[in-house]
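**Q** Below you will find the structure I want to go over with you.
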Amino acid sequence: MQRLFKLCYNNAFLVIAIVLAVTGFSISKAFDLKVNVSTDALIPEDSPLQKEYQRVTDAFGSDQLALVYIEDEQLFTHEKLTLLQKLSKELNKLPEVERVESLFTVNDIRSVNGWIDTSPLLRKIPKSPEALAEKKQQAIDNPLMRRSIISRNGNATLITLYLRTADGEQMDSDKRVYNDIQEILEGLKAPPAPEPTQDAKSIEHLPESVRIALEAKKKAKEETAAPTDYTTQFTRIFQVGSPALHVWMADYIIADQKILLPAAGLILVLLIGLMMGSFQAAIIPVINAIISTAWTFGLMVALDIPISMLNYIVPALILIIGATEDVHILNEYSEAKGEGSLGSDAVMQIAHRIGLTLFLTGLTTTLGFAVTGLSALSIMQEFGTTAALGMLSRFIISITFLPAWLRIFGRFIRSQKHTANENARHRKVTQKVSNLLEKNLLRNPRRVILVFSLIALPCLFMIPKIRVSNDLISFLHPDSPIVEQLNLVANRLSGSKVIYVTFYGSENSLKKHESLQNIEAFSNWMREDQRIDTVTSIADYIALVNKAMQGGNEADRHVPDNDNLISQYLLFFHRSDLKPYVADKFSDANVVLRSNISDSSELNTLVADIEQKLNTGKFGDLRYSVSGKSVMVAAAVDKIIGGQVISLASMTALLFAIVGVLFLSTRAASLAVLSNLFPVVVVFGIMALFGVTLNVGTCMVAAITIGIAVDDTLHLMVRYNKELKILKDEHKAILASLRAELFPVITTSLGLAGGFVILGFSSFVPVMQFGLLSALVMILALLSDIILTPVLLSTTRLITLWDVLGFNLRNALIERSAMFEGLTKWQAKKLILLANLEERQIGEYIVREGDVGNSLYVIIDGELEVSKTIEGRKVVITKLVLGDIFGEIALISDVKRTADVTANTDTRLLVLNWKALENLQRYNPFLSSRLFLNLSRILGQRLKSSLERIESPAPFPTRTPFKNMSKRQKPPSP
Amino acid sequence: MSRHRSYPYSSLLLILGVLVCLTGFVKIPSKTGAQIMDEVVNRHKAKTELELIKLVVVDEEGNTQVREMISVFSQDDKGDANYMIRFLSPSDVKGITLLTKDAQSDDPEQWFYMPALGQARKIMGENRSGYFMGSDFTFEDLRRENVEEHSYYRLQDDEVNGSQVYVVMAAPANVDIQSATGYANRLLYINRDNFNVLKVEFYEEGKTEPVKVLEADQYAEVTEDSSVDRPARIRMNNKTSGTYSVMTLMKSRLNVPVDPLIFEPESLNTWTPETDEPLLEQFNTDS
């Protein structure tokens with residue numbers, strides 16, 4: 001890292017030129033970036049549901065609708081209907097339209113003078129008001145038209161366009177359809193040049209009168225072919241449906257990006273600038289974010305990834321995490337400068353101090369988001385890839401561009417020493433917080449943990465109450481005209497969500513009355529459901545013919561019991577009339593449900609209800625399926641949540657692994673994870689409390705939370721690890737790391753929170769929620785990082801001891817000391833971690849004969865002397881060195897200290913007390929049994945030596961050269 | 001004289017019409033529309049006509065439905081015509097019959113018989129623009145053309161599949177017809193050499209493109225009975241729905257005697273599958 005920093009610093013202009021060139025190239029490419037907010041991306045590819053959907057739509061046609069709503073008090077006049085017919089025909093000509101349902105196309109099955117007429121209601125538009133009024137009533141009375149085509153009062157109608165499955169990008173096709181429809185409605189679409197038809201040719205053989213008549217006719221035709229601005233012709237006319245919704249959504253997203261992101265960025269710059277007291281510190285994160293975003297966009301184009309409902313947040317993500325990193329870097333730079341380093345030295349200092357952290361955060365965030373991409377949902381794949389690319393770009397720019405930038409502009413950054421004022425404030429804030437921590441919080445860790453737990457626990461219980469929902473409509477502000485239009489159409493006519501319930505039988509089995517009556521019963525059951533607007537099936541067509549054939553009584557509108565009669569009724573329909581409802585060869589039938597449910601969880605419930613009812617066998621035992629794009633999207637919402645869980649889990653696992661490796665301690669890793677989960681738990685709890693649903697927008701908050709929390713935690717932990725090695729005291733190390741990291745953490749957290757609050761002004765609900773929740777997360781992560789993490793760390797003896805001992809010493813100790821006999825390295829470590837480290841100076845007493853004590857000591861450094869006062873004179877019994885143990889008798893048996901132990905040199909000791917051993921017994925019986933075995937052996941050995949000594953002529957020799965003895969033959973100790 | 005099978009060939013247009021009064025004052029350099037139609041009708045005339053037809057309805061996906069039907073037409077000396085169409089297959093629709101009696105003096109009368117319903121129903125009034133039995137043909141496409149109902153205008157000659165054709169426009173002659181018919185006008189493309197109709201375009205009000213196009217091909221003489229040409233295949237393309245229907249003439253007899261009983265509505269109610277046997281036999285007997 002240092003070398004890279006130096007390289008970039010030395011070749012600053014080259015690096016900047018390369019970065020700018022890549023950026024320029026990326027920006028030029030970024031213009032090709034597509035926006036895709038279609039729900040297709042929510043559907044897992046190759047899922048059984050998708051295959052079923054493919055099969056059903058192949059057989060029965062598309063379930064994707066675009067609706068044109070037309071309302072006019074004078075709708076049923078010749079003039080208006082003629083216009084409407086022209087509109088219907090123009091719409092039908094659009095290449096994306098598979099079929100059109102309108103007053104002019106849907107079968108109006110009725111008895112006409114004894115004959116059954118199944119031709120469309122308005123195949124010809126009558127002129128007389130009476131005939132028109134009759135047609136209007138016929139339309140309202142027709143169950144195939146009521147609500148799906150005509151409103152109950154007859155002055156609003158829908159032209160329903162069934163859209164072809166899009167080739168290639170769904171969004172391109174949505175946009176095209178939307179624009180095409182809009183152009184037709186507004187009369188902007190130039191009609192195709194009328195082909196010269198025969199009657200337009202020169203009419204040489206005709207008499208003058210005929211010629212004039214034909215010319216007039218030709219002129220009339222040209223007039224009707226001219227585009228009409230339909231918006232001026234009816235009281236209300238507009239389009240709704242999935243293309244419109246998707247286009248509106250994309251517009252919303254883009255509009256938000258255009259206004260709110262710069263505004264949020266500006267706030268961020270101002271806040272950070274003010275707090276850091278440096279303009280540069282404020283703009284560097286923004287410049288970095290702009291460059292990284294440009295790179296990411298360029299890469300997205302190269303990988304053919306569109307902007308979607310999820311990954312449009314990536315620029316914000318880059319800004320957030322990038323800002324944190326950059327502020328850290330600048331803070332270090334400024335400190336390094338303050339300490340007197342200049343130029344490349346200062347830059348090298350940055351790498352030296354936080355190079356590892358930079359690398360680790362870059363790795364964690366990149367991998368963490370990349371893991372999110374391991375999803376069956378393409379929208380998640382795209383998000384994962386985009387976010388990972390963003391994080392990678394940001395990392396690369398931070399470690400290459402920034403050193404180069406500092407070469408040129410670094411001189412303008414004030415060093416912390418020289419700027420007395422700023423420094424004063426900087427120090428004041430830091431001092432205040434660290435004082436608070438030192439004096440109050442760190443001393444009362446239980447109280448702090450209790451407070452955090454009291455906040456987190458209720459939230460934890462609230463989490464299961466979060467509603468998972470993907471409701472595109474709810475993304476829009478309730479007052480927006482789009483929502484008003486959608487509700488109007490749904491209330492007066494029907495919604496645009498289509499659900500297909502398909503029944504599978506054998507060839508011609510759907511011509512049999514039993515099957516058809518079951519379908520009829522099912523349709524009637526569905527009609528009673530308030531959630532469903534319209535229900536249409538083949539049974540309705542047959543029932544209508546039956547009614548007409550039996551004399552027009554409503555009582556006869558049902559499927560008759562006679563199979564041949566049904567076959568004969570079916571002759572009244574053109575094959576294409578029935579295509580949406582029955583498959584070729586009458587083996588499968590399709591019940592088409594229309595509803596206005598936009599909430600995915602409501603839709604899932606509906607589907608479950610339908611399946612449950614069908615499983616009862618009440619409507620026959622034909623195999624069935626419930627399908628449709630909206631059904632698939634709703635089912636896929638679970639996957640998004642799954643994706644979020646994966647994202648959270650993987651980031652957490654990475655954090656755990658990194659901290660675990662850094663401190664060689666699962667405990668430290670657990671603590672780091674625990675303090676990171678705090679903001680996540682609280683945010684989700686608050687979401688549950690305020691009824692914010694977990695949707696494609698808000699679920700990103702979790703990703704942001706973890707990203708930012710991991711980043712801050714890593715900075716703190718890496719620093720803590722370093723400080724520990726230097727200071728060898730947790731409290732001091734914590735305070736020192738906090739002092740160093742506090743200011744950048746507070747600065748970026750507050751700056752980002754301020755920026756996110758701006759997004760709360762968005763009219764696009766997910767962005768609004770995202771902004772506010774993210775701001776909350778920033779504050780929570782800040783609290784967690786500067787209070788919870790230090791407090792948790794302070795309650796735990798980390799690897800300090802293990803670390804402090806150092807590799808060689810550790811090995812020597814474990815090798816030599818009888819305490820560690822037969823223990824694995826991991827067990828030895830556990831044991832060492834249970835102990836405290838004590839340092840004694842030369843001449844100091846460690847234990848006094850006759851004292852009460854409950855500690856055992858292991859010598860790790862220095863030499864001690866064991867002595868007894870016998871008959872008023874001090875007799876040195878033995879000397880102790882590395883690995884030797886003393887104090888175990890008082891520890892285990894309830895006796896007083898049997899000798900004095902004094903330090904002959906400066907000494908370091910491992911101190912193990914009874915309480916720790918009790919804990920060990922409870923939580924680690926294997927280790928403790930081994931330990932007690934070792935202790936017993938030591939005691940036994942001591943007994944043996946004592947006996948030997950008593951029997952020997954000189955019971956208290958001045959020195960025992962036990963170093964050369966085996967461990968089990970060690971001399972006694974007090 | 002397959003009148004039920006529309007005017008594109010033979011029976012559609014009888015004698016000349018209203019055009020005479022329009023053209024009477026002007027010198028016409030060559031054949032008028034009416035004269036052309038006159039020739040068309042005369043060349044394809046037959047007294048009775050017996051046909052075995054395969055009707056294939058094809059939807060926009062290419063799925064097909066096949067039906068077989070027998071069609072009988074007869075016209076007496078007074079010009080009163082009778083038509084009967086009966087389905088022979090598939091078995092579940094076998095026996096469905098549409099009977100039309102079109103007397104010169106009166107409005108046409110129609111009866112409809114469904115074996116599963118058991119009793120023939122008289123159909124009152126007209127249903128010209130309704131589709132015939134789920135095909136792309138409407139009833140009026142299958143009706144005999146009443147020349148009093150149309151005016152014929154000759155347009156500039158053209159070419160169809162390499163053949164030189166007359167182009168004749170047929171338009172409703174009066175407001176009543178105009179409101180009953182489904183079309184604003186039709187363009188007929190008639191082979192100049194033999195007056196066989198090769199193509200018909202159907203236009204709706206205010207449209208510059210046809211809603212339907214009929215193509216007739218494989219004209220051949222029904223040699224055993226006369227030297228009258230009949231197309232072996234007629235295809236109706238529905239430009240609106242993207243579907244089409246093909247009528248294939250499998251067997252045909254002209255000017256053979258037809259039992260007048262089969263045109264009696266009462267006889268419909270006693271229909272059994274055996275009823276059709278004598279009719280079917282006639283395809284195999286010599287005239």
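Quick reminder: no glycine exception, Cβ is built from N, Cα and C everywhere.
Any TrEMBL annotation is an automated prediction that lacks curation.
What TrEMBL lists as transmembrane segment is A:12-31, A:259-276, A:282-303, A:358-380, A:386-406, A:448-466, A:645-664, A:671-694, A:742-764, A:770-793. Residues or ranges marked as domain 'SSD' by TrEMBL: A:282-408, A:672-795. Residues or ranges marked as domain 'Cyclic nucleotide-binding' by TrEMBL: A:819-920. Look at TrEMBL and you will find A:950-974 tagged as region 'Disordered'. The compositional bias 'Basic residues' annotation in TrEMBL covers A:965-974.
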**Q** With the transmembrane segment (A:671-694) as the reference, which stretch in A:282-303, A:448-466, A:770-793 has the largest tally of C-beta pairs below 8 Å?
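**A** The stretch with the most contacts is A:448-466.
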**Q** Sort out the residues at least 6 away from either end of the transmembrane segment (A:259-276), same chain, that have Cβ-Cβ distances under 8 Å to it, and list them.
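**A** Residues 282-283, 285-286, 289, 315-316, 319, 323, 327, 330-331, 422, 746-748, 750-752, 754-759, 761-762, 767, 771.
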**Q** Could you please provide the mean pLDDT value for the domain 'SSD' (A:282-408)?
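**A** For the domain 'SSD' (A:282-408), the model's average pLDDT rounds to 83.
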**Q** Same chain, outside the transmembrane segment (A:448-466) by at least 6, Cβ under 8 Å from its Cβ: which residues?
**A** 441, 678, 681-682, 684-689, 692-694, 784, 787-788, 791-792, 795
**Q** What does the DSSP secondary structure composition of the domain 'Cyclic nucleotide-binding' (A:819-920) look like, as residue counts for helix, strand and coil?
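**A** Going by DSSP assignments, the domain 'Cyclic nucleotide-binding' (A:819-920) contains 24 helix, 43 strand, 35 coil.
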**Q** How do the residues of the domain 'SSD' (A:282-408) split into helix, strand and coil according to DSSP?
**A** 110 helix, 1 strand, 16 coil
